[in-house]
Amino acid sequence: MSAKSFEVTDPVNSSLKGFALANPSITLVPEEKILFRKTDSDKIALISGGGSGHEPTHAGFIGKGMLSGAVVGEIFASPSTKQILNAIRLVNENASGVLLIVKNYTGDVLHFGLSAERARALGINCRVAVIGDDVAVGREKGGMVGRRALAGTVLVHKIVGAFAEEYSSKYGLDGTAKVAKIINDNLVTIGSSLDHCKVPGRKFESELNEKQMELGMGIHNEPGVKVLDPIPSTEDLISKYMLPKLLDPNDKDRAFVKFDEDDEVVLLVNNLGGVSNFVISSITSKTTDFLKENYNITPVQTIAGTLMTSFNGNGFSITLLNATKATKALQSDFEEIKSVLDLLNAFTNAPGWPIADFEKTSAPSVNDDLLHNEVTAKAVGTYDFDKFAEWMKSGAEQVIKSEPHITELDNQVGDGDCGYTLVAGVKGITENLDKLSKDSLSQAVAQISDFIEGSMGGTSGGLYSILLSGFSHGLIQVCKSKDEPVTKEIVAKSLGIALDTLYKYTKARKGSSTMIDALEPFVKEFTASKDFNKAVKAAEEGAKSTATFEAKFGRASYVGDSSQVEDPGAVGLCEFLKGVQSAL
């Protein structure tokens, strides 16, 4: 692939501004990277989002009959909880509830999940639907992480959007969320790419040579299921490698959806960004031929185009939706639904939908009163602020001191940024100590949750932010009055609530080779003994045990064996706790 590319300054904001200029019925809130449209007050609004670089996903599918809004982060990075919560506020102003349709990537799930929790705490009717349709990472490798999200997500946007437009006033948020699950349960997708994409502002890098390509490469340049060497013909790629991964009923690792002989099937061929329309049309034709010849499947509807990209990714994906099984599942709960195809083909004016009809509507105005950037919590639990500040400083100093070691570990099992991310997190605490509530621990912890998310970003920021948000909520539940002093017993109970809250948004558990392997033993030991020293020792033992585990979560779960190396996230947490311990 050529390393040449068009580069602009501030590419994400420039792209959003250009999109809004070309689509005047959609409003852009530049400082929040939010785009939204008008929504009827008796209907459920849909919001999606994630990292930039997949256009027209997500903003391109804002329109009547599809999404009500989208919120995006930087390139390949989840938007923050603040952004998402503000998007919820804006869209909910003229809706009866909000469904967040989230691609199954850890950072997205954590940040959108935390936003939904905070929205519900504000009295907003809000739920999350997590979508995953990829078959490249099968059940064995995907484990508890689940399937990655690919272009099939757009079919969820379209079908659920049509349902929300027509029926959500009757069936509400729960009914709309159920439709999303039904469609996701009947979707399978696999992608292939000749090379990595070129990310704006970064040097092009690839492990593939001119004679290699990758089967199952993800939309963020993640590894696929197999490197093909030499590159097969396009016909062989489709017939011998891609379709069997979607349709082989004997492949128990990937047979996520059953296709019977008489089932109606929708075919979506998606351009990952760098393939010409001419070639995509040819690929669509060949795919249809092989479906008929090898599987006796004649798609009842075929969609081809550029729906979910990876910048200029020189590849494509194939998605199959079992329309028959989806229709039957829908009909069991929604008597009005005659066919899922009616929802798929219902009117939309979303600019990115390839078979849309367009109608001009005026853009909504921004209600600035709904945009908030301060996190607040019910004020309970008095505490010694000066001691607390010293503990935080000592913990931060220990993490900063240990950063080279943490980075060395992460270079072996991850992407090498864990140490830097943790340092950014602890600096986010120490640099904002003067802003913390000195009268209420619940409010102070909620503020720290916000500072950490803003300074760390990514998956780690989401995990720690949710954990601390849960701890704040635990203090609110356990403390009997605003002025009750926080004791070890209160902290212990609140930590248990915090851990339970975190477990709502990650499937990682002890034994998964993550920071949970240090966190859970710490919480359990402190809950049992109320002894911080014993709890730190339990955390250290948990971190050491990760050297014997295979990673099941995060980027390390997609690469090779990581045995004999302690998980850097677990080690980083222990270093912080040891720093606090030294200041007690």
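Cβ coordinates come from backbone N, Cα and C, glycine included.
The feature N-acetylserine is assigned by Swiss-Prot to Ser2. Residues or ranges marked as phosphoserine in Swiss-Prot (evidence: a large-scale study or a structure entry): Ser2, Ser5, Ser365, Ser512. Look at Swiss-Prot and you will find 7-353 tagged as domain 'DhaK'. As annotated by Swiss-Prot, substrate binding site applies to Gly51, Ser52, Gly53, His54, Lys103, Asp108. The active site, tele-hemiaminal-histidine intermediate annotation in Swiss-Prot covers His220, and the record cites sequence analysis as its basis. Positions annotated as domain 'DhaL' by Swiss-Prot: 386-582. Residues annotated as ATP binding site in Swiss-Prot, with similarity to another entry given as evidence: Asp415, Gly416, Asp417, Cys418, Thr459, Ser460, Thr514, Met515, Asp567, Pro568, Gly569.
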| remark: Among Gly51, Ser52, Gly53, Asp108, Ser365, i.e. the recorded positions, the one with its Cα nearest that of Thr514 (ATP binding site) is Asp108
| remark: The number of other Cβ atoms within 10 Å of the Cβ of Gly51 (substrate binding site), counted over all protein chains shown, is 21
| Rounded distance in angstrom between the Cα atoms of Gly51 (substrate binding site) and Asp417 (ATP binding site) | 18
| Farthest-apart CA atoms of Asp415, Gly416, Asp417, Cys418, Thr459, Ser460, Thr514, Met515, Asp567, Pro568, Gly569, residues recorded for ATP, distance in Å | 16
| query | So what pLDDT does the domain 'DhaL' (386-582) average out to? | reply | 92
| Recorded substrate binding residues, Gly51, Ser52, Gly53, His54, Lys103, Asp108 - maximal Cα separation rounded to whole Å | 14
| query | Here the recorded positions are Ser5, Thr459; which one has the lowest number of other Cβ atoms no more than 10 Å from its Cβ? | reply | Ser5
| field | Under 8 Å by Cβ from Ser365 (phosphoserine), same chain, sequence gap 6 or more | value | Thr27
| remark: Going by C-beta under 8 A and a gap of 6 or more residues, the same-chain neighbours of Ser52 (substrate binding site) are Pro11, Val12, Ser15, Val72, Gly73, Glu74, Ile75, Phe76, Ala77
| note | A 10 Å Cα radius around the residue listed as 'active site, tele-hemiaminal-histidine intermediate' captures, of the recorded positions Lys103, Asp108, Thr459, Ser512, Asp567, Gly569, exactly none
| message | Under a three-state reading of DSSP, tell me whether Ser52 (substrate binding site) is helix, strand or coil. | response | strand
| note | By a 10 Å Cβ neighbour count, the lowest-scoring of the binding-site residues Asp415, Asp417, Asp567 is Asp415
